[in-house]
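**Q** Quick one: the structure is below, questions incoming.
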Amino acid sequence: MNTALAAIFVFMIVILFHEFGHFITAKMVGIKVHEFSIGMGPRLFHKTKGETDYSIRVLPIGGYVRMEGEDESSNDPKSFNKKPIGSRILVVAAGAIMNFVLAIIVFTIVSYGTGMPTTIIDEVIVDSPAYNVGLKAGDKIISVNNTETKSWKTIVEKISDEKSTEDMEVIVLRGSEKKEFLLRPEFDKEIDRYVIGIVPQMRKSFSSAIKGGIEKTGMVLGLMFQFLKMLFTGQVKKGDLSGPVGVIYTVGEAAKYGFINVLYITGFISVNLGFFNLLPLPALDGSRILFMLIELFRGKPINSEKEGFIHFIGFVLLIILMVFVTYSDIVRFF
């Protein structure tokens, strides 16, 4: 897949889902939507239907939903500012929620396309700990160190345990016969964990794929929280941050290995966008939700001019950050 086309595809699909979340929820709670736009800059195409103008713009780097009374006072009963706080919070949060939904969808497709690992051994690596003790393809691992293994994830976790420098007991089902093996895992520097040298059989199952899609989305969310913690503790280096250029480069690299890899990156970026949009930083959706929660507890809204100024400052800071990470990306990749 062409790098530029892959990057445009990823940006457009992630942005489309995010903005559609805002749009459809606004419509559901009865807010007047003036414009639903994908992209920024001059319009390439637009069509007006009902009270909404739908448009596609030149630059696939953003999008927006322009609602009545969102950034200014309005007496229209269908305006954003006239709706209950619960409805407003739902509309603002819906963009991020749809990003998580997109991630689950694409990770489910990836899981179904590649298959889900089972507890049955498909291959035993020659001269590995598993090979040396006599484990064979077709063996079903039912227990590791007295822990029942109903999933490949459990097997990996037990083998990767910090006590893996000791011998461990592996019980398998070979045909109808149970067999016990004692072996010591070896450390694989490439993947930074202990292994025993087995490859699982993969099974394609729609229900398992959905479960895998949800689990992968949760895993990426966990990585986001971990990154945030590292950011606040000063463990994140300048090169760890990436902007649009870095994303395009990453998508391009993924595209070299096929469409499934592009989908995986799409899910990862979608979770990123949803997560960071919910952070309570000025100009992001999270800060708008925070202001509405403050309004809920105060019983009255914060002065709109003050709130607007705070969001403006946040927007300027985000632009400065974007320029910084874009420059860093250009230096790093080119």
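Including glycine, each Cβ sits where the backbone N, Cα and C put it.
Okay, so TrEMBL annotates it like this:
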DOMAIN    103-176  domain 'PDZ'
TRANSMEM  6-24  transmembrane segment
TRANSMEM  89-110  transmembrane segment
TRANSMEM  259-279  transmembrane segment
TRANSMEM  308-327  transmembrane segment
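Give me the structural setting of these features: burial, nearby parts and distances.
**A** Taking Cβ pairs closer than 8 Å, the transmembrane segment (259-279) reaches residues 1, 6, 9-10, 13-14, 17-18, 93, 95-100, 102-103, 106-107, 109-110, 113-114, 216-217, 220-221, 224, 228, 247, 250-251, 285-287, 289 in its own chain, all 6 or more past its ends.
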**Q** State the residues, same chain only, that lie 6 or more residues beyond the ends of the transmembrane segment (89-110) and have a CB under 8 A from a CB inside it; answer 'none' if no residue qualifies.
**A** 13-14, 17-22, 24-26, 29, 31, 67, 80, 83, 209-210, 212-214, 216-217, 220-221, 260, 263-264, 266-268, 270-271, 273-275, 277-278, 285, 288-289, 292-293
**Q** Taking all residues of the domain 'PDZ' (103-176) together, what is their mean pLDDT?
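**A** For the domain 'PDZ' (103-176), the model's average pLDDT rounds to 90.
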